[in-house]
Amino acid sequence: MSATTTAPRQNGFSLGRLLLEGRAFFALIAIIAVFSVLSPNYFTLSNFLIMASQVAIYGILSVGMLLVILNGGIDLSVGSILALCGVCAGAMMQGIELPWAGVILYPPVWAVVVLTVAVGALVGALNGVLVAFFKVPPFVATLGVMYVARGVALLMTNGLTYNNLRGQEALGNTGFNWLGFNRIGGVPISVIVLAVVAILTGLMLSRSAFGRWLYASGGNERAAELSGVPVRRVKITVYTISGALAAVAGLVLASQLTSAGPTAGTTYELTAIAAVVIGGAALTGGRGGVRGTMLGAFVIGFLSAGLVIIGVSSYWQTVFTGAVIVLAVLMNSIQYGRGGRKS
Amino acid sequence: MTRRTHDMPDARTVVLAARNVAKSYGNVHALKGVNFDIHRGQVTTLFGENGAGKSTLMKILSGVIQPTTGQIILDGQPVGFADANEARDRGISIIHQELSLAPNLSVRDNIFMGRELRGPLGVDFAEEERQTRRLMEELEEDIDPLIPVEELRLGQQQIVEIARALSVDSRILIMDEPTSALSASEVEVLFKVIRDLTAKGVSIVYISHHLEEALTITDHAVVLRDGTMTAYAPRADIDLDWIVRNMVGENYDLGSPPDSDKRAVALSIRNLSVPDATGKDLVQGLSLDVRAGEIVCIYGLMGAGRTELLETCAGRLRATGGEIVLDGHEISHLSIGDRIARGLALVPEDRQRDGLVQSMSVGQNLSLASIGTFTRGLFTSPRDERKLVEDTIRKVTVKTSGGGAPIGSLSGGNQQKVVIGKMLATNPRVILLDEPSRGIDIGAKAEVFRLLAEGARQGLAVIYSTSEVGECLSIAHRIVVMHKGRISAEFDSAVTKEKIMAASGESVAA
């Protein structure tokens, strides 16, 4: 992609350095190789497509998380925003009753999608305003919003789940399951959505002025500000995008399940953070890229899917995932340890 | 003047000595082979401008940092301190220029931080408190040992810092600018304490920018300049002139004011006031006009309000009153980015903290303030960016392997040129530089000044601040001296160093 995704380069070729910088890629290759040997069902096209469509949810979330982490922040609210937006979409699909007009509105699917993404963006913007204008530490601001969004989702449904979101021909709102079930050229729509999101974000980071602003304000906010970078606008924008992408992930998930529940996406924010970290981004901000984050998401997804396929207990999956994260953080501190701790 | 030889120090009179001590940070040479003696039971004062290497030398003597080369000799024996604790165990303690207190802890806990007194039931707080009270009495300061340090005013915090150094009963006490926040009466008490200590045989190293104040207490004077020792003499042989002469040097050529036709007023500051967090004015009703093609130097001591003035002009700080007028337009309400777009750029004082993004390359740092000029529609143009970066590298003569090199690979002087180049790339009409020569060597200094003179010749209005008198008498057409938030004097380039220093309150008795 661009030079912004790599650590300071050194002269000469070194195998250790190559392994360190391409660690997420090599980890993914290793995971695929090991499970292909252990199970004949792993290395098949259909399995890869199924795994990829599962990764899509985390992947979309982790792209948003990457932007926030590049800015030096963290967004704990994405799992809750995912649930809230799924519930919003479910409510709209079930029909919005307007008692004063005596009608029930059934918005078409495209309107449901637009409105849902708008809700996610709005909640994300709330995070951004709290962090940028009220100087609330990102951890605390998004933790609060995490609880509030989850609570609102539970209130809206009274704790229940909206089922059967396929819509009805008569109401003209069919097609909600298109996102989760359809394929174009054999590729699930969710994977295509992930690819589009990743490519657009990658272009934005490497080629747009905004991308440069983001790297600069994450690397040194004071210097960026004095260079004329609108640091507060950058901050609000990244949290807004993160919220909007959480809404997209919520739509994909609700569509895959054709149901939307208020407890969906619990702890997904942690998986997204893990993907970003495994992808080599620095939690202090300013370093990282989409390519790494995608690799990180696929490492987590392919690892847990592989463990399921070979029949390892889900408790062990948790242990393995945790070990991978710890290892990734360890590698990050080796890579950034010297350069990143300048006073 | 007496120059010290490389002889071993006389262990009877010299308690601690540095021989040929040098310290380098990458390509930056902070100290270049310095010899320094601390006399037993006497006060040795170290004079020198900012960046001369005083603090570096003191940090080496107290074990905070290790010298690149050279020897430390304690009581006639060569020693090497692994860290400050080891030096403290050998009886050397230091009062740092920057306060190193934990603001949330009490005075007592700060004084005994890291070496708490142990009793049968954990820490013996009662004994710590008793000793703290005794120290406060000694320093004639009415401070409750249990009050959190953050609730004390700055001067009292400095007293706590001093008390902490006194509490360890050291043989050698290094005081790096201990009086910068103290009132005149507190300084008197401190000097009494110093005399008591020397009478008990404690050796003191004293560093201060208040030259006369230091002369009243010292027994020996040592002058550092650009990392080398330029002069040494006992108190009886010296006076103020001697110190100033040796501090700033005679042949210190940083260029002369460029011939440029001074045109219309480019930047006009009118009656500007800037408060600090507590509402006290750091800049008080200051007015200043700078013309296109003119170079103005702002001289002042630490805390004179220079940084606040420049940062307010650039938009980092908000003024409570007054106007900032750029080319006839009031700009006080504009954002930093808008001010840069209008042609007002600031090169901040601390390039690590405010100037550079360490995680980005040389080129990305250089182009950071002018991204708009190479953005075509949605995307940046790599070709135009490369051109801008290469042009700027050539213009400000950055020594680098290219725009892709990591910023950390550059020397301090070249990093500073990157920060200046970044702002020059925005094509400013007025450039403000806050201590542009801080922490860079004399060669880089000269190049930076040449660059500014060249800019002025082409119609750029330049304002730079400095705390080194020698730099006032170089390229500046006009020298403005700030003291306590106001302009205390204004000179043309024919003024003498002594007059400038007098106006700043530096050598005048407080």
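Cβ from N, Cα, C; glycine included.
Residues or ranges marked as transmembrane segment by TrEMBL: A:24-43, A:49-69, A:76-96, A:108-133, A:140-160, A:180-205, A:236-254, A:266-283, A:295-313, A:319-337.
Remark: the transmembrane segment (A:140-160) makes no contact with the transmembrane segment (A:319-337), by the rule of 3 or more CB pairs under 8 A. No contact links the transmembrane segment (A:295-313) to the transmembrane segment (A:236-254), because fewer than 3 Cβ pairs that are 6 or more residues apart lie under 8 A. Contact between the transmembrane segment (A:49-69) and the transmembrane segment (A:319-337) is not supported, since fewer than 3 Cβ pairs fall under 8 Å when only residues 6 or more apart in sequence are counted. The list of residues near the transmembrane segment (A:236-254) in space but at least 6 beyond its ends in sequence, with Cβ under 8 angstroms from a Cβ of it, reads 56-58, 60-61, 63-65, 67-68, 70-71, 73, 75, 77-79, 81-86, 89-90, 113, 116-125, 127-129, 131-132, 142, 165, 176, 179-180, 190, 193, 197, 210, 214, 260, 264-265, 268. Two recorded stretches are said to be in contact when at least 3 C-beta pairs lie under 8 angstroms, sequence spacing 6 or more; the transmembrane segment (A:76-96) and the transmembrane segment (A:24-43) fall short of this definition.
Taking every listed stretch (A:24-43, A:108-133, A:180-205) in turn, the largest tally of C-beta pairs under 8 A with the transmembrane segment (A:266-283) is reached by A:24-43.
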